Amino acid sequence: MATAAGSETCSHGSSLESSLLLPTKEPNWEAIPESESEKLCIDDMLDVYCGEFGSWQLRHFVLTSLAWALEAFHTMVMIFADQEPGWRCVEGSGSRCDEKAESVCGLEPGSWEWEGGPGSSTVAQWGLVCGEKYKVGLVQALFFAGCMIGAGVFGHLSDSSLGRKGSLKTVCILNAIFGCLTSIAPDYSTYLLLRFLTGFSTGGVGLCSFVLATEPVGPTKRGVAGMSTFYFFSTGIALLAGIAYIFPTWRALYVASSVPSILFLFLVIPFISESPRWYLVRGKINKAMKIMQAIAKSNGNDLPEGVILALDDEANDASNDNQSSSKEAVSGSIVDVIRSPVTFIRLFLAVGISFTCSVVYYGLSLNVVNLETNIHLSVLLNAVAEMPAFTITAVLLDRFGRKPLAIGTQWFSAIFCLTGCVVGSARMWKVIKMGCGVLGIFGMAGTYNLLFIYTAELFPTVVRNAALGSATQAAQMGAILAPFVVVLGGVLPFLVFGICGLVGGMLAYYLPETLNKPLYDTMRGIEEGEADWRIN
């Protein structure tokens, strides 16, 4: 008896020890027989089992959206690095220097000096004034040209081989490298090249971050979550104003604005998950299900064993006889978007709206910076002024829908821009004109915020980043044009901005509403789904 009991105890102990020492076998969702599984698309699984926006999505959203601050650093650093500093007459210059002169162009060389020294900005470093002033605008134009190219390249890579997380990691590495190298540029030509390369990598930061942050969020929460990403961008601009105040020389500023990208790589990226939607369309169902299981567990919910992910067209296709394990990766490109009548017209409209919106947003931003105060305070006020627009648009997003807000915010901006072009230039009217500019950018900031979530919902997963990349490229073209519009002076800038706002609103009128509609995964899914919506 004693021996038997002892053997039994030993046997139980061995089995217990084995269970503790041996690794737990992870479930293989691909091996579940079709007859025993319940196929759901990601939106349905989030809604029914995992939770649309719980603790997992909140943590993932905040960590991923921090990349928007990095984009703000690398984009807006040119405001401080390329500014034209103040100047003063050299002691003993006498009549050779007139401190009442509007610029240094007519002054005798050696009779004046830059107030912050030659290292205060690139303008002071390489004498980018008078006949060389166009080089400052050229740097800005080439930076946005790099953004335009990078948005298309990384938009495709994040949809295909690299994935959302891999692309975000890549652009952060490139930004850190190019940003630090810019700080040691020996001449203007090298500086120009490095700013172009920085723009190339920066073009993919916000794009990859936005899609990665919003794809695991449920359909009813995705709108507000998507629009909240721009708070991180505005916060980044505000922080940059403080960083520029602490590091007044342009070389130190480029280093200080690049270090956060390095910190993001080591302290944030390891805690970010790849998008389950990307895994799904690439045929990696086990990895997608593992993330969905983690979402459900973290949110305090339970994901039943028989439930399995499927692409939207498979989940709705009752006659599908293939096992999930035999599914091949589904991919798409911008060519597929153009070929489909449903997505082609959407792409055309989204590109047009992005272009006009960018012209107005960046153009009015330049006018707001011209407030009669120091540049650090001006940039800070500019960033803070955008935040109420984000809040109001986010609150109204799910109440009125994407389409009415896209039209309303652009026409709101257009009204004040057109008002600004008819008021006079007397002292009192200057205050009114400045108010028109602030209200104009207030409305267009809401549009800019809305466009990302709206555009993302207009296209299926397999081509979403490619479509967003095309819209972002159009926005960069608008950003390149904006400074030249401002240079026109007089009433023309406000007139151009007003017309762009009106045209953008009219283009938005022809877009479909996406409020509470499913986020499709494939081209077939969106074509069949939209056909059903039209029938119903």
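Cβ atoms here come from the backbone N, Cα and C positions, even for glycine.
Annotated features in TrEMBL:
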| type | residues | note |
| --- | --- | --- |
| DOMAIN | 60-516 | domain 'Major facilitator superfamily (MFS) profile' |
| TRANSMEM | 136-154 | transmembrane segment |
| TRANSMEM | 191-212 | transmembrane segment |
| TRANSMEM | 224-247 | transmembrane segment |
| TRANSMEM | 344-363 | transmembrane segment |
| TRANSMEM | 375-397 | transmembrane segment |
| TRANSMEM | 404-426 | transmembrane segment |
| TRANSMEM | 438-459 | transmembrane segment |
| TRANSMEM | 480-511 | transmembrane segment |
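Of the ranges 224-247, 375-397, 404-426, 480-511, the one with the most Cβ pairs under 8 Å to the transmembrane segment (136-154) is 480-511. Long-range contacts of the transmembrane segment (375-397) within its own chain (CB-CB distance under 8 A, at least 6 residues past either end) are made by residues 76, 79-80, 83, 223-224, 227-228, 230-231, 234-235, 237-238, 240-242, 244-245, 365, 368-369, 405, 409, 438, 441-443, 445-446, 449-450, 453.
Beyond the ends of the transmembrane segment (224-247), by six or more residues, the same chain brings 53, 57, 61, 65-73, 76-77, 80, 206, 209-210, 213-214, 217, 253, 255-257, 376-377, 379-380, 382-384, 386-387, 390, 393-394, 397-398, 445, 448-450, 452-453, 456 to within a C-beta distance below 8 angstroms of the stretch.
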